[in-house]
């Protein structure tokens, strides 16, 4: 009986050790990712290559996820403006810090600010043509949520030529909420 108890104890300790190793690996991965993220934000802030003008262009509510009466009431022509700074890193990927304000679906002002990153491809012989896929992490505030700061992490995509870029994101959601395509023009100076 004692041998059986010792074996159970050894198996339990082994499992705890394995979980501890996995936890250490996870913590290390998160720490490495955070340092990479914060270094990219810091470098973009301290060493921008361009300054950017943001012009909201389009808001589209997914017709498969909204009632027609809601769509009829929503603003899908956001107007506003914003500014930012950006750089291309040593791998040719875009990094940007931005602040923008625009008229939301209810025609109320919505500010948004954050950091964006895109893996950038230049598939043609013309180096000015590019497209990218990445993410944006930031904060927004909306009138219908009493302008409480709301953190966000959203997909980001773009297509551009030279200094002109058309960037976009999709805000996921539920029925009659979220599920919005939002796009803007970004001009680099």
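Keep in mind that glycine also has a Cβ here, set from the backbone N, Cα and C atoms.
As given in Swiss-Prot:
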{"type": "SIGNAL", "residues": "1-23", "note": "signal peptide"}
{"type": "ACT_SITE", "residues": "61", "note": "active site"}
{"type": "SITE", "residues": "70", "note": "site 'Role in lipopolysaccharide recognition'"}
{"type": "ACT_SITE", "residues": "104", "note": "active site"}
{"type": "ACT_SITE", "residues": "105", "note": "active site"}
{"type": "SITE", "residues": "175", "note": "site 'Role in the phospholipid gating'"}
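In terms of C-alpha distance, the listed recorded positions 61, 70, 175 place 61 closest to residue 104 (active site). When each of the recorded positions 61, 70 is scored by how many other Cβ atoms sit within 10 Å of its Cβ, 70 comes out lowest. Over all protein chains present, the Cβ of residue 105 (active site) has 19 other Cβ atoms lying within 10 Å. Residue pair residue 61 (active site) / residue 105 (active site) shows a Cα separation of 9 Å. Each residue contributes its Cα atom, and for residue 70 (site 'Role in lipopolysaccharide recognition') and residue 105 (active site) these two points are 10 Å apart. DSSP assigns residue 70 (site 'Role in lipopolysaccharide recognition') to a helix.
Proximity of residue 175 (site 'Role in the phospholipid gating') to non-local residues of its own chain (separation of 6 or more, Cβ distance below 8 Å) is seen for 65, 66, given in sequence order. In the shown protein chains, 22 other C-beta atoms lie within 10 A of the C-beta of residue 104 (active site).
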